[in-house]
Amino acid sequence: MSLLIDFIDETEEVKEEYMSLIREVLEKAAQMENIEDGAEVSVTFVDNERIREINRDYRDKDQPTDVISFAMEEMGEGEMEIVGAEMPRMLGDLIISIPRAKEQAEEYGHSFDRELGFLALHGFLHLLGYDHMTEEDEKEMFGRQKEILEAFGLGR
């Protein structure tokens with residue numbers, strides 16, 4: 001199983017070990033979700049100010065958040081699918097606030113590793129079409145999240 005992950009660290013404080021952890025968590029999720037080899041995702045690490053800006057500009061929520069996902073496969077009205085056999089499947093972009101991840105790890109009483117793995121997985125599942133807007137969807141997404149985290153060894 002090979003997921004292509006492009007990391008961008010705008011904070012310049014994310015250690016290689018954290019990127020490796022995220023890579024492994026997302027590889028596990030891709031395997032469990034039967035995502036084909038060569039699919040791509042980008043993961044960008046930002047500060048609270050930057051994620052607040054993105055949240056405001058794209059989601060009309062003027063506040064920092066922990067993770068934002070931009071799925072590439074969501075087709076809007078009037079959009080056409082581009083078919084290319086040689087093109088890798090681009091799943092989308094994940095944007096993670098490092099300060100928010102640290103705050104939440106402390107708030108929830110678990111490690112920064114666990115919080116970072118959780119946020120990356122949560123965002124990744126959104127890229128795959130999971131959501132938590134309804135009670136039923138939330139149950140499905142959170143159940144899958146728990147399953148993957150436990151399979152990886154990051155359960156609570």
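Cβ from N, Cα, C; glycine included.
Over in Swiss-Prot, the protein carries these features:
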type	residues	note
BINDING	H122, H126, H132	Zn(2+) binding site
*Name, in the order they occur in the sequence, the residues of the same chain whose CB lies under 8 A from the CB of H122 (Zn(2+) binding site) and which sit 6 or more residues away.*
V67, Q145
*Fewest other Cβ atoms within 10 Å: which of the binding-site residues H126, H132 wins that one? Let me know.*
H132
*Once H122, H126, H132 are set aside, which residues in the chain still have Cβ within 8 Å of the Cβ centroid of the Zn(2+) site?*
S69, G123, L125, Y130, D131, M141, Q145
*asked:* Under DSSP, is H132 (Zn(2+) binding site) part of a helix or a strand, or is it coil?
replied: coil
